[in-house]
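S.K.: TrEMBL lists 16-43 with the feature region 'Disordered'. Look at TrEMBL and you will find 16-29 tagged as compositional bias 'Basic residues'. Marked as compositional bias 'Basic and acidic residues' by TrEMBL: 30-42. Marked as transmembrane segment by TrEMBL: 67-93. The feature domain 'MacB-like periplasmic core' is assigned by TrEMBL to 72-178.
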Amino acid sequence: MCCSFPSSAPRRVARRRKRKAKWARGGKRLRGEPARVRRDRAPGGSTVNLSLWIAARYLRTRRQSGFISLLTGFSVGGVALGVTALFTVLAVMNGFENEIQSRIAGTDAHVVLLGETASGIERPEELVPRVAAVPGVLGVAAFTYVKAMVFREGLTEGLVVKGVDLRAERGVTTVGRNIT
């Protein structure tokens, strides 16, 4: 008797098989009573439920080794931390981008009227009330551009100076509010 089983082993195996088959069929129940639902079966319907079922099935193993459980926990924690960091950075960058866009767009008027010649528009004091009367116009301000040169330590630079009326400019741009 080199390979014999103890007398109760075949009966144990048979009982296990019977229990598994009964459980798969829904187990003992009275007539008209719904069958029991196995916890390890995938729920039907939603894709989210299927994803959760797969994750739970992977994380809940029958024979859990302490080292593998620890590694699984670290892996899940690392992924969760990475996703949290990604969401945080995206939210901060989105707010920063909106703030930069509003500040840059606010430094100049949406519409600028320039004269045909270098001398600019003739009689701008007559044009300002006419433009302000157009429906939808929130503010009008006259300005002037002047070309200039700067000499410093032997270097020459050309630049353009924009002259504005500060009281009228407040209704057109946000420069006054952004400078502290």
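Heads up, the Cβ atoms here are built off N, Cα and C, so glycines get one too.
How about a rundown of where these features are and what they're close to?
M.R.: Across the domain 'MacB-like periplasmic core' (72-178), mean pLDDT in this model comes to 84.
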S.K.: Based on DSSP, tally up the residues of the domain 'MacB-like periplasmic core' (72-178) by helix, strand and coil.
M.R.: 51 helix, 20 strand, 36 coil
